[in-house]
Amino acid sequence: MSGIDQKRIRNFCIIAHIDHGKSTLADRIIEKTGLLTSREMSSQVLDNMDLERERGITIKAQTVRTVYKAKDGEEYIFNLIDTPGHVDFNYEVSRSLAACEGAILVVDAAQGIEAQTLANVYLALDHNLDVFPVINKIDLPSADPQRVIAEIEDVIGIEAQDAPLISAKNGINIEEVLEQIVSKIPAPKGDKNAPLQALIFDSIYDSYKGVIIFCRVMEGTVKKGTTLKMMATGATADVVELGIFGPGQFIPAEELSAGMVGYITASLKNVKDTRVGDTVTDAENPCKTPLPGYKKVNPMVYCGMYPADGAKYPDLRDALEKLQLNDASLQFEPETSIALGFGFRCGFLGLLHLEIIQERLEREYNLDLVTTAPSVIYKVYKTNGEMLEITNPSNLPDPSEIEHMEEPMVKAEIMVTTEFVGAIMTLCQERRGIYLGMEYMESTRALLRYELPLNEIIYDFFDALKSRSRGYASFDYEMKGYVPSELVKLDILINKEEVDALSFIVHGESAYERGRRMCEKLKDEIPRHLFEIPIQAAVGSKVIARETVKAMRKDVLAKCYGGDISRKRKLLEKQKEGKKRMRQIGNVEIPQKAFMSVLKLDED
């Protein structure tokens, strides 16, 4: 291990839009370098969560080390760091890129460049990585490699004439990619004898070993027994074991030196101590400065999670704690709701992150959950000069105490075929978007730039974008900052009682429309009772929309055959009195489906 020549190490990652074949290319590289035989291969080797395979996305960054015998007769060590491609995990991507010297840009020969590709390429170029393109899926009937090559050169401005034309699925031209990794990606620099400086690009929790740190050693050497110090969190621990990555397994080694990628286990019990992007150094001989680029990741989207069965509250807490061991960006704190009982207010990086956590809780821990509408962090400035950060609409102060409110904005890039430009611009306008500009990529596609409120895109913007563009639009965003906005709290009252779990903060202009649609939706979902149930949407004390669930009633006139009208009226009045009394003391059963349906207002 210690005799590894730095010049023969290649640290690289693969960047691509969802579905352009990133994980498949990683599979082929692993297979071609003989790390796994074709019998041992399973598709998407590096995506080892069931959820990752099903959705076809990479959630956790994975790493694998393989040895390649090149045509020049030398053996090269490849460290492939597989990165998540989704915008929610942008910070994880940037840290994984910082651990590499180069990147392979995979572009689909049929679809060309997409918004996510652009975002990740710019991220790679910001980290001064050497990027070389690979055109994938050339076996498709609709493939047009020459058009895609021209597009890469025009839009990104990197040389693409000698880009390998491959089919990762069928294993065509993979050798050429391996040779280009050797020739185009530089070897790592770094002095083995300098003080230790290593970058954490991921960490996982193992129930036997504790926290396992995935790191790239930039300077110096780390051995067993070294006392490590995390520069951002200040945590210290002794190295118990270290080594390199095989597919799905850890291979222990004697030491890790400058340029190498590997894992370290130390006697750490909490992933929060080993934050992604932090610098690891030797506690006795520390490096002078930490590596640049570390930032604490803050959740963007919050929502309430409640067990459908109140007795499962401790199980939900245990499950969230276990997930948090592996995912430092997940935050949660206990909260109570009058309608839903005990639960947690959870913070996520974005909507995909929320969906994944929810699905994992339901699958891996067999929990039945009710989630409230997602919310972002609003800044509320009070008349007494105090500033509050609000994630839960129930915590909003009285309107008389609020001077003004601010909401987060994002800068969005939407890639769309020209025939749908009008439809997408209308969608952005509906969502209070501010138009920034538009560029035509070639005659058939355009890149739209908009500033949008985060509040408007966390609900169902992505679904609406896909449906209005028949699945052709792709979308990427980054945070812009806060702007003042006319926001109000929309309350839902069922049978004259406020249901806190259905309240949310909305822009004043869209309050009426949203309230009306929510009332209509709830009317369909709440079953009829023996008394009539008013469903109202209110802003402050003003009711802005109302629907009524009609009462089920017994036919009290069935036993009157003919007879005087006053007799019938007496029976009807008696029934009416009974219903009125019932409405005052009756409880309304709100099914779980009603809470879920409110989240999906735009799917009608």
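Sequential numbering from 1, following the chain as shown.
Just so you know, glycine gets a Cβ as well, placed from its N, Cα and C.
Every protein chain considered, the tally of other Cβ atoms within 10 Å of the Cβ of S23 (GTP binding site) stands at 25. Under the three-state DSSP scheme, S23 (GTP binding site) falls in the helix class. The feature GTP binding site is assigned by Swiss-Prot to D19, H20, G21, K22, S23, T24, N136, K137, I138, D139.
Positions annotated as domain 'tr-type G' by Swiss-Prot: 7-189.
In this structure, N136 (GTP binding site) is part of a beta strand by DSSP. By a simple count of nearby Cβ atoms, those within 10 Å, the most crowded of the binding-site residues D19, G21 is G21. Just so you know, the Cβ of I138 (GTP binding site) picks up 20 other Cβ atoms within 10 Å once every protein chain is counted.
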